[in-house]
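Chemist: Sharing a structure below in structure tokens format, with a few things to ask.
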Amino acid sequence: MAPQYAQSLRFRLPPLLFFLQTGFIVVFIFYVDIEQNVQTKQHAFNNYYSEFQDVHVMVILGFGFLATFLVRYSFSGAGFTLLVAAMAVQWAVILNGVESMYHRGKIWINMRSLVVAEMCTASSLIAIGAVLGKTNPVHLLLIALLEISGFVLNGWLLQTFLKVQFLNTIMLLHIFGAFFGLMLSWVLYRQGSEQQHEKEKIDRKTGLFSVMGTLFLWMFWPSFNSVLVEVDHLDRGRSLRAVYSTYLALAVSAVTAAGFSVLTSPQGKLNLFHIQRCTLAGGVAIGVAMSAVHLPWVAMAIGFAAALISTLGSRYIKPLMLFAFECHDTCGVLSVHGLPGILGWMVQLFLQIADSDDLTTAVRFAVFHICTLLITLSLSMSLGLITGFLLKCNFWRPPQNKKCFDDQAFWEVSNQ
């Protein structure tokens, strides 16, 4: 007989959804409009629409399928990803348009603004991965709204005070989302999590669907890394170089992750978790370092190092974080996004210093670059802590331990 679950969503999820959606509609009525310049619209369509489709597939299908790996949480993994993404994109469009509203009186929507909103949404989905299965959909919506607010604020701070290029700030989404989620997992830690939950496992069906998410992400990641390159660089060659570099880094990271997965396995076999996630580490690292990478072998070396760090992190650092620091990172976002993202940041630092003409320029860049990372980490971790303590309140009705990682807590499903 199926376990009985309290219907705790009825008086929390629908009111929150209707309140937020009504508020967004009101904001769009008074403050949002579509860009009217015909030439600009046609140029944006020609240059952004195909890439927008690719990014859209990554966010919905890629992250959605990737979150279905838990044996009894596949409905929630895919369904909540769609719900959160649909709400988060609207919030990101509004927040990213605040500056435009201040100077031009309106928030103007174009293809570029939608792409940026999708990338902000990806950052929130990364953070959610750290607490996947241990929260309810109300939690997830609040996490997405707060994480995106912090990420947009972080970008504004870096661009305003450190004069960081927009492309470099948006690519910090991996680092920001990973450490935001890591702090969430620390605050929301549940006693007994050091023993793997009986439902926190993969079977053949959910594992296959999750690998489909990996394939979508792997295929479209070059578009994700290159779509905004022309915002800061009018040379079309830079955009193409970003595509080539990302593809090479992904190819090398896929091979490297498979090799180290076998080497670190006590049975000498491939680990599905590594294939699902660590194969993507090269795309994360090269995205952060992209502006400084000009040679194919450099991109390939970054892919190799990123996969090595990610695979070893998933095998050894993830359990260490659980037992030593009580950070129960469900999807291993620290190893998949956080550490490769920091690797990309370090590579960018070293390459830019090597390309500098004089010592003064190199030192100045290094100081600003280090401040960029420190501000990003400080803001993401502090907001993650604040969000975690907010969600810990019993008012939000967090699922009981025995109901974690289970669709039956939230979905109408047949008896199992």
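A Cβ is built for glycine as well, from the same backbone N, Cα and C atoms used for every other residue.
Grabbed the feature section from TrEMBL, which reads as follows:
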TRANSMEM  16-34  transmembrane segment
DOMAIN    22-393  domain 'Ammonium transporter AmtB-like'
TRANSMEM  55-75  transmembrane segment
TRANSMEM  81-102  transmembrane segment
TRANSMEM  114-132  transmembrane segment
TRANSMEM  138-158  transmembrane segment
TRANSMEM  170-189  transmembrane segment
TRANSMEM  209-231  transmembrane segment
TRANSMEM  243-263  transmembrane segment
TRANSMEM  283-309  transmembrane segment
TRANSMEM  330-354  transmembrane segment
TRANSMEM  366-391  transmembrane segment
Chemist: Please tell me whether the transmembrane segment (366-391) and the transmembrane segment (170-189) touch - that is, whether there are at least 3 C-beta pairs under 8 Å between them, with each pair 6 or more apart in sequence.
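Modeler: The transmembrane segment (170-189) and the transmembrane segment (366-391): touching, yes.
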Chemist: What stretch in 55-75, 81-102, 243-263, 283-309 has the biggest tally of Cβ pairs under 8 Å against the transmembrane segment (138-158)?
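Modeler: When the Cβ pairs under 8 Å are tallied, 81-102 comes out ahead.
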Chemist: Between the stretches 81-102, 114-132, 283-309, which wins on the count of C-beta pairs under 8 angstroms to the transmembrane segment (170-189)?
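Modeler: The listed stretch sharing the most Cβ pairs with the transmembrane segment (170-189) is 114-132.
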Chemist: Are the transmembrane segment (114-132) and the transmembrane segment (330-354) close enough that 3 or more Cβ pairs fall under 8 Å, when only pairs 6 or more apart in sequence count?
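Modeler: By the criterion, they touch.
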Chemist: Please determine whether the transmembrane segment (283-309) and the transmembrane segment (209-231) are in contact (criterion: at least three Cβ-Cβ distances under 8 Å, sequence separation 6 or more).
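Modeler: Between the transmembrane segment (283-309) and the transmembrane segment (209-231), contact is present.
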Chemist: With the transmembrane segment (81-102) as the reference, find which of 55-75, 114-132, 209-231 contributes the most Cβ pairs under 8 Å.
Modeler: 114-132
Chemist: Apart from its near flanks, which chain residues at least 6 from the ends of the transmembrane segment (55-75) lie with a Cβ under 8 angstroms of it?
Modeler: 81-82, 85, 115, 118-119, 121-122, 125, 129, 132-133, 199-203, 205-207, 209-210, 212-214, 216-217, 220-221, 223-224, 227, 273, 276-277, 331, 405-408, 410-411, 413, 416
Chemist: I'm checking region-level scores; what's the whole-number mean pLDDT for the domain 'Ammonium transporter AmtB-like' (22-393)?
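Modeler: Residues in the domain 'Ammonium transporter AmtB-like' (22-393) carry a mean pLDDT of 92 in this prediction.
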